[in-house]
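Asker: OK, Swiss-Prot features for this one:
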- CYS265, CYS270, CYS298, CYS302: [2Fe-2S] cluster binding site (BINDING)
- 153-182: region 'Disordered' (REGION)
Amino acid sequence: MEVSGVVLRQIPCVSSGSVAGLRLVSEFSGNTRTVGFRTRRFRGIVCNNEFADKGHVNYYIEPTRCGEEKEKVKVMEKEKKALKKKAKVLKSLSKNLDMFSSIGFGLDPEAGLVGEIQTKTISEATEILVKQLEQLKAEEKILKKQRKEEKAKAKAMKKMTEMDSESSSSSESSDSDCDKGKVVDMSSLRNKAKPVLEPLQPEATVATLPRIQEDAISCKNTSEALQIALQTSTIFPSMANPGQTLKTVEAVSVVGLPLNRVEVCMGGKCKRSGGALLLDEFQRAMTGFEGSAVACKCMGKCRDGPNVRVVKETDAVMTDSVRTPSKTLCVGVGLQDVETIVTSFFDEECSREGLGSVSY
């Protein structure tokens, strides 16, 4: 039997210098034996306090990581995420396994038919529920609109009642206590030219209407012209329209008040629009005349205020012992109208000419 082999043995160094070592090589080939020696160089130099080999330096000269390794890391991370997602899906499926079996996700074909029927019924039920929800939403919208309309109506009614509360409540009381009498709008009179009533006024300025001017020219003196003008018209020429008729209501005299007086309205709007100042001005203007200026409650026409009622005693007799004073309501009276009203109703010459009994 042939045997072949190689025996290696390192020969130790003889000297400490750079001497090449010997390696014994034995070769066996059949029955013959040959021995050979080969030299080997040391990679390092043996010195004091140094390593004999510099192989440890290669540790610090290793190549850095390239981009392929980074890509591999990314791929691994993606795979981990995919595995996590699959695990979550499997976990959820395992939890809802009973529900799927009840719906009909089974291997049995009959169970599949039952599942289809169940899905149809579920879809129909969902459609019905959706329709009911839409109907409820529409009803809620209609109710909201109705509520808004009711609120708006309530607000409008509240405003109307607040505006009319003073006038309505005062008109009811004024109808029972005192009459309305004659009504004169002072604001319309101020917009038109008024003649100045003086005893020595020329004829042309007193008689403003054409017919009155013709009658006044035919008179002999100014007193006759003034009398004709006052009989055919009133002291307020803007109200001398033949088509204008105002109602006169007989009044009952108030106990404790003078028969000849000027009543100034102290209602809400009349008082705010200067009723107190108007009362003071009337009291000042009535100092030289028979009568007085007093305050009274609302007359029911505060919308056109401030208002003044002139009460003057007349010769008309209801019974043997009761006289009926005439009442005239002046609407929209200003401070500039005080002198005109006082002189028109309470001047002696005007009263003799019948100014207090003239219809407006």
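Any Cβ shown, glycine's included, is placed from N, Cα and C.
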Asker: Which of CYS270, CYS302 (the binding-site residues) has the most other Cβ atoms within 10 Å?
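Answerer: Result of the Cβ crowding comparison: CYS270.
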Asker: Within 10 Å of the Cβ of CYS298 ([2Fe-2S] cluster binding site), how many other Cβ atoms can be counted across all chains shown?
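Answerer: Within a 10 Å radius of the Cβ of CYS298 ([2Fe-2S] cluster binding site) lie 22 other Cβ atoms.
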Asker: Excluding near sequence neighbours, so keeping only residues 6 or more apart in the same chain, what lies with its CB under 8 A of CYS265 ([2Fe-2S] cluster binding site)?
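Answerer: Correct list: LYS271, GLY275, CYS296, LYS297, CYS298, MET299, LYS301, CYS302, GLY305, PRO306, ASN307, VAL308, ARG309.
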Asker: Where does CYS265 ([2Fe-2S] cluster binding site) sit in DSSP terms: helix, strand, or coil?
Answerer: strand
Asker: According to DSSP, which kind of secondary structure is CYS298 ([2Fe-2S] cluster binding site) found in, if we only use helix, strand and coil?
Answerer: coil
